[in-house]
Structures are given as structure tokens and as C-alpha cells.
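According to TrEMBL, the protein has these features:
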TRANSMEM  6-24  transmembrane segment
BINDING   R108, N292, R390  substrate binding site
BINDING   C449  heme binding site
Amino acid sequence: MLVLQIIVALFTALMGGLYLLGVFRRRRPGEPPLDKGLFPWLGHVLEFRRNTVKFLQRMQRKHGDVFTIQLGGFYVTFLQDPLSFGPFVKESREKLDFNKFAKHLVHRVFGYWSANSEHHILQQSSNKYLKGDGLEVLTQSMTANLQNLMLHNLGKEEPAWTEDGLFMYCYNIVFRAGYLSLYGNVSPKCKDGEEKAKEKDRVESESLFYKFRKYDQLFPNLAYGVLPPKRRLELRGLMDYFWDVLAVRKVKTKDNISGWVWDMQQVREEMGMDEAMIDRYMFLLLWASQGNTGPSAFWLLLYIMKHPEAMTAIKGEVDRIVRESGQEVRHDGPLLNLTREMLMKTTIMDSAVEETLRLCAAPLLTRAVLQDMTLKMADGKEFLIRKGDRMAIFPYSGVQMDPGIHPDPRAFKYDRFLNPDGSKKTEFYKDGKKVKYYTMPWGAGVSICPGRFFATNELKQFIFLMLVYFEFELLDPEMEIPGIDVRRWGFGTMQPDRDVPFRYRLRY
Ligand code: HEM
């Protein structure tokens with residue numbers, strides 16, 4: 001009898017194991033093509049990680065615009081037809097859920113356990129402080145902080161050339177200015193302590209950036225849960241550092257803290273959340289707000305430098321806007337007061353920003369499938385999607401690189417998003433049909449980036465100040481645009497696989 005029980009138990013365990021490994025999963029009628037890959041449970045995860053774009057292109061050639069693949073124990077249905085993105089983006093939260101999927105990832109990479117129902121707090125607070133009137137305040141802070149970091153030597157000494165890597169230079173400045181604008185400035189101890197406080201801002205933000213870059217480099221392996229033990233130790237040290245530097249009690253001693261960061265702390269305090277957990281959230285916000293803008297600034301400046309016609313058009317626009325604002329930038333004059341109003345007149349720069357993000361922003365948008373559902377495609381086809389699976393779109397290959405929508409998709413065309421009359425172009429077509437989601441650097445739907453208006457402003461402010469105050473050039477004007485670090489597909493703005501040497505000096 002006992003032997004029989006053991007055999008039954010072993011058999012059940014074996015079947016359970018095989019089930020978990022995906023051995024019994026079969027495509028049911030009406031479902032998308034299923035591709036489990038060669039390895040049980042792992043499925044295609046190795047090839048997917050090695051180069052997401054190449055892999056998805058291969059799958060699309062093999063199966064068409066909709067297919068289900070096995071990735072590390074999950075079945076993920078990819079939707080690659082941009083005309084059919086609407087149902088994914090707009091599907092109700094009862095069927096396609098973002099939070100459930102994000103919660104575990106957020107804990108793994110930031111150590112933060114989110115409370116249920118806190119997503120709407122982020123949305124409310126972002127609506128209040130990251131757009132409209134709130135953005136006006138933030139734009140002023142950003143201008144002041146960029147000026148502190150970029151122009152503190154202005155007029156003090158004979159301008160000299162400095163050589164640097166363009167990527168590190170752009171990331172450094174934009175990260176630090178963005179951080180200071182959101183988390184506040186060191187408070188001057190006395191009236192004439194203002195210069196000292198500004199210097200402290202420069203020094204402290206520099207150390208933070210240095211540590212952030214280390215974390216940034218660990219991020220892809222961390223997100224996939226494959227960080228080797230030695231790196232895990234390093235990660236722990238970095239996390240402790242961020243939780244300490246960004247701790248609520250420290251941020252509260254600062255001046256000019258943004259309403260966004262302040263609100264996010266306050267609401268959690270009122271919810272009764274442990275302070276140490278709020279400190280972790282502060283780090284999450286730092287990563288979300290600063291991880292993409294600096295790399296985007298790099299690509300934008302590089303593309304402008306490599307395309308003289310873009311440089312001429314954008315510099316012309318900047319000079320005109322400065323003139324129209326009644327200001328004149330001089331050696332001994334006041335600093336440029338770069339207002340939000342001025343930034344709203346930059347139609348050519350807006351197009352260059354949009355074009356840059358089309359080329360370098362590559363997020364993977366993922367949802368958990370909470371109920372069995374039917375996916376209705378634009379061409380009338382329908383697919384059954386199973387509860388418990390995941391759905392994803394990868395707009396970079398799905399739409400941003402589609403030659404049917406964006407001819408010559410790998411080329412940078414600064415005016416791609418301009419109509420012939422100079423207004424913003426928003427109409428793009430595929431096979432004669434209008435495409436609503438023609439570029440998606442900010443994601444879409446429930447999880448669309450709440451910082452997109454501020455981020456766009458940050459990029460424009462940085463370029464504006466570079467063009468007004470600096471001369472700069474590539475050390476090798478003939479050098480090719482660097483390749484992309486393919487380990488980062490899916491995580492937002494891509495980074496180059498090498499830096500680009502350049503030099504810059506103040507004009508004044
Ligand atoms: C060029 C710069 C930026 C890019 C390309 C970018 C892109 C994105 C994308 C694609 C997502 C959605 C991810 C998903 O659906 O899984 C996202 C989310 C987010 N972004 Fe941005 N972002 C940028 C800058 C910023 C800035 C400056 C802030 C804040 C000031 C910010 C705050 C956030 C937050 C808080 C989320 C999470 C939203 C949520 O959970 O619903 N981002 N970003």
C-alpha cells in the first residue's frame with residue numbers, strides 16, 4: 001500500500017514538474033501560433049535577452065504579427081501590428097493588468113513593495129506637478145540647475161577647450177540637473193552662503209551620478225534576475241547608498257523640493273508606510289525620472305552634430321526665440337531666462353526630439369492577462385488569449401522602425417515630424433490606413449510615462465543652453481554613429497556601445 005502511495009506521489013510530482021516546464025501546453029483552436037522554444041520552462045529567454053529586436057523579427061517572419069512564446073516560465077503573446085495596438089492599449093484593467101506585473105519587478109530591482117491601489121497617487125500627483133502650471137515651476141528649477149552645472153565658470157576665466165565623452169557629458173549634466181530639480185537644493189546656511197550651497201549641489205550630485213551609473217550597468221541582469229553573487233553584493237552596497245542619500249529625513253532638509261517628490265512622500269507617510277520603505281520609493285523615482293533623459297540627450301545632441309542641416313535649422317530657431325524674448329546673451333550680461341513660454345515655440349527642435357526618441361527609445365510594454373479574452377485585430381482577425389499569460393508590445397520594431405510608416409527608418413531626419421507648413425506632423429499611414437500609435441517612446445495606456453512633458457522640456461533646455469553658450473565639436477567629425485548596447489532592449493532609452501569623444505568650450 002505504502003509503495004503504491006509513493007508511486008502515486010512521485011507520478012503526481014513528475015506530472016506537476018512537467019506541467020510547470022510547459023511540456024503539456026498545446027495551441028488551442030483560435031489561439032495565436034505557439035512557439036515554446038527548445039528549452040523546457042526557459043523557452044526562448046536566452047535568445048530574447050541576447051538581442052530582443054533580432055529575435056522578435058525572426059518570430060514575426062515565422063509566425064506573423066501575433067504569436068505566443070515561452071519566456072522563463074511565462075507565455076507571452078506579442079502583438080506586432082501597429083494598426084492593432086489600440087485594443088492592447090485601451091483594454092480594461094480587469095483583463096490586461098499593468099500593476100500586478102510591475103509589482104514583483106519593482107521589488108526585485110528597487111527593494112520596494114508597493115501598496116495596492118497606489119498607482120492612482122502617482123497619476124494624480126504627476127498630473128499636478130509634471131504638466132500644466134506645475135511644469136512651469138519645474139522648468140524654472142531646471143533652468144537654474146542646468147545653469148549652475150554648465151555655466152558656473154562663465155566669465156570667470158578665459159574659455160578653454162575641454163575634451164570629454166559626449167555620452168558621459170550629456171548623461172552627467174542632465175541627470176544631475178534633473179535630480180536637483182526634483183529632490184531640491186542644498187539650503188544656504190546664511191545669505192552669502194548661496195555660492196557655497198551651489199557648489200555643494202554640484203559636488204553631491206556628481207557623487208550620486210557616479211553611483212547611479214554603476215547601478216545602471218547592473219540593471220539589465222538585475223531585471224532578468226541573473227545577477228552573479230559578486231555583483232549582488234555590489235548591488236546591496238549601492239542600494240544602501242541610495243536609500244540613505246535620498247532618505248525622506250535628508251530630502252526634507254532641502255530647499256526647492258518639487259511638489260512631485262514632496263507629495264509622493266507625504267501621501268505615503270499619511271498612509272502609514274514605514275519610512276524606510278518610503279526611502280526605497282525615493283530611489284525608484286530617481287531611476288524612473290533620471291535613467292532615460294540623459295541617454296536621450298546624448299543621442300539628440302549627437303544626431304544634431306552629425307547632421308549640419310539639422311544644426312543650422314535648430315540653431316536658427318534658438319537664436320530667433322532668444323531675440324524674440326527681448327534678451328541678449330553677453331559676456332557681462334545676466335544669464336538667459338529660459339522660460340516655458342520660450343520652450344513652447346521650438347517646433348523644429350520638437351521634431352528633432354521626437355525623431356531621436358523614435359530611433360533610441362525602445363520600451364517593452366507588458367501586461368498580465370487576468371481573464372480569458374479575445375484580441376480583435378484591425379483586419380478583422382480574432383485571437384483567443386489565455387488567462388494567466390502575458391501580453392506585450394515592443395513598439396521599436398513594431399512601429400518605430402516600420403519602413404511602411406517611416407520611410408528609411410534608420411535615418412535621422414530632423415524634420416520627419418514636421419508638416420511642409422512647419423506645423424507638427426501627427427498623421428502617418430501604413431498601407432493607406434492612418435496609424436494612431438506611430439511612435440511610442442513613452443509607452444501607452446495606463447502605464448504611459450507621466451514625466452513625458454517634463455522630460456521633453458529637460459532635453460530642450462539642455463540643447464538650448466548648449467547652443468547658446470557653447471562651441472562644441474566631435475574630435476573626429478567623420479566617426480560613425482555608435483552601435484546600440486543590445487543588452488538594454490526593452491528598458492527605455494538605449495545606450496551606445498561606446499562613447500564618442502568631443503570637445504566644448506564656453507563662448508563667453
Ligand atoms: C526621455 C526620457 C524618458 C523616457 C523615454 C521615458 C519612458 C518611459 C516609459 C516607456 C514608461 C512606461 C514603462 C512601461 O509601460 O512599463 C515610463 C514610465 C515612467 N516614467 Fe518615464 N521616461 C522618461 C523620463 C521620465 C521623467 C523625466 C520622469 C519623471 C519626472 C519619468 C517618470 C516615470 C514614471 C514614474 C514611470 C512609471 C509609470 C507607471 O508606473 O505608471 N519618466 N517612462
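Using the three backbone atoms N, Cα and C, a Cβ is placed for every residue, glycine included.
TrEMBL labels come from automatic prediction, so no person has curated them.
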Which binding-site residues from the set R108, N292, R390, C449 come near ligand 1, judged by a Cβ under 6 Å from any of its atoms?
N292, C449
Looking at the binding-site residues R108, R390, the one with the fewest other Cβ atoms inside 10 Å is R108
Do you know offhand how many angstrom separate N292 (substrate binding site) and C449 (heme binding site) by C-alpha?
11
For R108 (substrate binding site), what is the secondary structure state per DSSP, taken as helix, strand or coil?
helix
N292 (substrate binding site) - helix vs strand vs coil (DSSP):
coil
Around C449 (heme binding site), how many other CB atoms lie within 10 A of its CB?
20
Recorded substrate binding residues, R108, N292, R390 - maximal Cα separation rounded to whole Å:
25
Alpha-carbon spacing, R108 (substrate binding site) to C449 (heme binding site), which is rounded to whole Å
21
Hey, how far is R390 (substrate binding site) from the residue listed as 'heme binding site', Cα to Cα, in Å?
21
Validating a neighbour-count step here. Other CB atoms within 10 A of the CB of N292 (substrate binding site): how many?
25
